[in-house]
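Remarks on the structure that follows.
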Amino acid sequence: MPCLPNLGSKAPDFTVNTTFGPINLSDYCGKWVVLFSHPGDFTPVCTTEFICFAKYYNEFKKRNTQLIGLSVDSNASHLAWVYNICQLTGIEIPFPIIDDSNKTIAKLYGMISKDMSETSTVRAVYIIDDKQILRTILYYPMTTGRNIFEILRIIDALQKSDCDNVVTPANWLPGNSVIAKPPKTYKELKNTMKNCDKKYSCLDWYLCFINQENRQNMPEYIDKSNDAKYIYPKQKSINKPNSKRNEIQKYKTVNPNCPNLNPIVFQYVLGNPENLDPTYLDAAIYAFVEIDDDGNLSVPSPRYLNQMLALKDVKPSLKIIAAIGGWGADGFSDAALTPTSRYNFARNVNQLVNDYGLDGIDIDWEYPGSGASGIKARPEDKENFTLLLTALRDVLGEDKWISVAGTGDTGYINRSAEIDKIAPIITYFNLMSYDFTAGETGDRGKKHQANLFDSNLSLSGYSVDSMVTNLINAGMPSRKINLGVPFYGRLGATNTKSYDELRANYINKNGYTYNFDNKALVPYLVKDGDFAMSFDNDLSIFLKAKYVLQNCLGGIFSWTSTYDQANILGRAMYLAINDTNNFEDELADIYGSVPDLPEGNVQKNI
């Protein structure tokens, strides 16, 4: 067993070289420090840990905590590794990693275990407080990655204890009750029991709980983010304000026209949901449940749907929705045709919701009254669509999520949906504000597929802004419109690439040059002087999220999570809505500046 420093003692100081240059531990006096060792660079478990530490770096910063990594590898190895991580995932490692190739710090802190390895450090964590006192030591087996949320929870608990002179019970999380420190004298004991009903909830004289909601001096470090482990009060409704959301608003732009509107962030999931990060989501939509000509439903990949539902164990407030239909899915016209067929479909949907424990459904009928995708279509589909949604709401009840996936072009509004009539029925209208060039070839295909505003590189009459305006003018309240962004690039009708593919092989690679259209507010690629690909990135997603906030829209979503395995765009959507100002600063550091939205685009119908 390695020789460990003592808890409660001053942490051994050191002067070392790191990936950020020379540092001293004493430089961080006044900050908390998480010093963590890893067995080796370019190893699988360690790589996932560093990605997670980087992903939650801002959470440590909120707690006045500095991360410092360490292994016995050289500084050159560390630099090559973090560069490799960035190349593979797009994630920068924002904290220093110590070069301890001579094992000085590893021996000083007891990081070498001869029974496991004499040539690498064990997986250890040392939490050092702002007075440089060692408060926590955690050891993990070589085969098991660290739980980042547990490290954050321990820091929360220690800081809570220091701030309020209390202790925390088993499984404590911020927002839960804490325990008053036991009395040290008989006089204190009597005083405790005397104040039990007023101040404490006592099981006995030594076990008195304090409800944190009644405390006046709440610590400022308590997490304000929509984190996977830090959603303590459950949301009563996805569109109602709660304490967690109100706290977030100090980090984002709040529209005075809709101060209590809390835009949601969600993703459609087509295929394997293994990369889905609930940290960045209020909801996730499984795609797709299939419908047959008789209105019967089937789930083609129940394993994937169950994987999504299991995310509720991590984040209970997460809404899991099933999308029914999709492009080329037939059966809706027949299901909507008569009162009997409509209620038969509604009962089938209700059975699906109950069988899986879903929070609601998304109707993806593409499109009522149109047979362009090869489906059956009737002139009366438009009116029948309203009646079908009415039957769904009647059977599912008022509390279930019912959304419609549709577009905002005039053809859809005139032919497919009675916008003003479906608006009171549905929870959200998920605006598919992309694929503008999906049916185009030649020069018309060499245009933006999801431009926020018009430019000389966009199709006339097609922009996100025009579609939002069309829907609002047709009677859809802005608060019910969710703005869709593509996690893929497109060139005309046939050429599409996932964002992962674009990052790996196209953006400033293999002859493709990155450009940004400051009028349309979206990026695009050029090759040999010709328009080569339209796509969205973190900058354009930020601007679209800002548009959501300024126009009092219901939220923002993506199609689809599987095209962004590293969650670069998923993270951008979440931070743009929930940590707007800080994320704008981050983007300004990357791109040099962030364009402004044009004035006068704010919608009126909330």
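The backbone N, Cα and C atoms fix where each Cβ goes, glycine too.
Predicted automatically and left uncurated, TrEMBL annotations should be read as such.
Residues or ranges marked as domain 'Thioredoxin' by TrEMBL: 5-160.
DSSP assigns CYS46 (active site, cysteine sulfenic acid (-SOH) intermediate) to a helix in the three-state reduction. Counting Cβ atoms from all protein chains shown, CYS46 (active site, cysteine sulfenic acid (-SOH) intermediate) has 21 others lying within 10 Å of its own Cβ. Under the heading active site, cysteine sulfenic acid (-SOH) intermediate, TrEMBL lists CYS46.
Mapped onto three states, the DSSP output places ARG123 (substrate binding site) in strand. For ARG123, the entry in TrEMBL reads substrate binding site.
Annotated disulfide bond per TrEMBL: CYS202-CYS208, in sequence order. Secondary structure from DSSP puts CYS202 (disulfide bond) in a beta strand.
What TrEMBL lists as domain 'GH18' is 251-580.
ARG123 (substrate binding site) has its Cα within 10 Å of the Cα of these recorded positions: CYS46, taken from CYS46, CYS202, CYS208.
Counting other CB atoms no more than 10 Å from each candidate's CB, the disulfide-bonded residues CYS202, CYS208 peak at CYS208.
Mean per-residue pLDDT, taken over the domain 'GH18' (251-580), amounts to 96.
In this structure, CYS208 (disulfide bond) is part of a beta strand by DSSP.
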